[in-house]
């Protein structure tokens, strides 16, 4: 097992780096989109709420792999060619943003109505009240579920392997095929994933306990 | 638009529906088995048996934090190396049951934890054994609490079956790929219709979940 690790070290590290890079980029965009659509979902205008609802339900109920394949195969037919890495990251961002939006919406709803009414009656506008009163309280509640979404995002980044995104899972395939040591390779790759996800998962459990 | 009319010929639609059938078949078996596995292991983890609970808990954490794709690869390409012969359907069911079983065990554990400790104490002080108290008092309340989380896990299981295309499980996405690899102009119509099919299946499950959630909250 050590033999594979040392002889294919560069493949593993490239894959590890790409997985981290893809996860961080997708985390950023899915957070931005997620907060945006969560705000639309609680907006006082019905039209905006419907748009947000459609977006969220659409991306929550279609497999990530299908979304990614659409970006990898269908988009180039109309617009421009996208690399596997970009297509995978876009798919991952959109898919995760729907889940993050749902979590944040639940967080906003769990902040009592009185907070909004109080802020408004103190002369704040709706945007100010949202920005300074509701969102800071909601974000504190949603940190554990957001952490779990981030763990899911890291695990789901393995979908890049389908579109030649050169992530950890893709490299695992390459190494397994060339070395014929399937189980050993997958165990090593599993350890690489656990290095990322396991500490995060224990930290989230600790936070959850602390918040309760 | 001519592509669409041609792509949606009865032969192709029937082929896709066969794929959808396999998706649903694999999902249902995996849901049933992983629910049993999750219930047992979540329960063991919660029983606080010396060593056993800690080992089970550690294994659950390991599996939960691995990508499902890795587990699918492992069961399909790795198990034959150990002398266990599998086919795509069996391999994907094993992988899904291992992965989703661990996810469900975690849900079961937090569901049992969410039942106030007083329930258990009350039942025990009324003369019930630990198992009686668990089965008749704690578990029914816990199941009640975890139904929404369970159902959304089942929805993601249905979506996750699409990952098994990589080990040539003849499910919906794989059948669509066969069709558009024969005629590349069918690419868009195929992705459109399978998105609709996945959406209909998963959305109705999601709707059922939120219906139950509302029913229990009131």
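Every residue gets a Cβ built from N, Cα and C, even glycine.
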Inquiry  = Quick check on the annotations: TrEMBL lists transmembrane segment for one of B:89-108, B:109-128. Which range is it?
reply    = B:89-108
Task = Report, as numbers and ranges, which residues of the same chain sit near the transmembrane segment (B:186-209): CB under 8 Å and 6 or more residues beyond its ends.
result = 3-4, 6-8, 12-13, 16, 20, 23-24, 147-148, 151-152, 154-155, 158-159, 162, 172-173, 176-177, 179-180
Message = Cβ under 8 Å, sequence separation of at least 6 from the ends of the transmembrane segment (B:51-77): give me the contacting residues as numbers and ranges.
response = 41, 44-45, 86, 88, 91-92, 94-96, 98-99, 101-103, 105-106, 160, 163-164, 166-167
